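Visitor: Annotated NADP(+) binding site per Swiss-Prot: G168, R169, G170, T195, V236, in sequence order.
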Amino acid sequence: MGTRIDGKKVAARTKADLAKRVELLKARGIQPGLGTILVGSDPGSVKYVAGKHADCAEIGVNSIKRELPENATFDQVADAVRQLNADPACTGYIVQLPLPRGIDENAIIDLIDPKKDADGMHPYNLGELVLHARGDITTPLPCTPRGVIELLRAYDIDLDGKEVCVLGRGITIGRTIGLLLTRKAVNATVTLCHTGTKDVRDHMRRADVIVAAMGVAGFVKPEDIKEGSILVDVGVSRVFDEESGRYKVKGDVDKACYEKAFAYTPNPGGVGPMTRAMLLQNVVEMAERQL
């Protein structure tokens, strides 16, 4: 059985460190604040946003909430974005996605002040990541890709020269994690697989590391991986469990793979907690840049 990479434990350590940094900021007269814009009342989105504000309270970051009805117009959402751009109490903020049908999400994200982009997904910040493959980056980083890399570092997993197979081309991780993995400081070789990839399982068998972000429950099987590989499971699917009569969250990696792996992230309990921790880290770093 491979090593279980505990995202909850690493996230807790990260938040403890951030709490100390927030205290130092407060001593210098800077109070970090995280804003959220929530449109509608989707249960998943409501729960996720509530979790972010609970995290804020845990480390001493103020919460700024903007809630709009399901039938909010583009202009109303845009106004909420502009208000947070102008609010000095808001260090950084996120627009909870997805937005209701008919609202152009990319157009809304474009309106975010890049310096307050807590998710690290503004085109300017992604462009900075593309342009600067070496040295320090002083713009916010995408939370989930950053969380994956920090999680592996916490377990002393060196990615230098490793073959990494990324499954899925979604913007949250699939298309963005390669930008971090191929930076000189990480130095991995990345293959991005998607629905148009031929012989995807051949790519998986060659990989030292698989980052699964397809949202297809149990897609990665034991016969698809080589002995001693590292499995990072980011996929999320809600699957009905007949035994319990309830829906359960399932990852993209079949648990039978754990026997062959050198290390693996459980799902849930792996990458998810680190994504939330990296959101806080972005906000604290934004505040520290004000010093």
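Just so it is clear, glycine is given a Cβ too, placed from its N, Cα and C backbone atoms.
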Visitor: In this structure, which of the binding-site residues G168, R169, T195, V236 has the fewest other Cβ atoms within 10 Å of its Cβ?
Guide: T195
Visitor: Over all shown protein chains, what is the count of other CB atoms within 10 A of the CB belonging to G170 (NADP(+) binding site)?
Guide: 15
Visitor: Considering all pairs of residues in G168, R169, G170, T195, V236, annotated in the record as contacting NADP(+), what is the maximal C-alpha distance expressed in whole angstrom?
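Guide: Comparing all Cα pairs, the maximum is 17 Å.
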Visitor: Reduced to three states, what secondary structure does DSSP give V236 (NADP(+) binding site)?
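Guide: Note: V236 (NADP(+) binding site) is coil by DSSP, not helix or strand.
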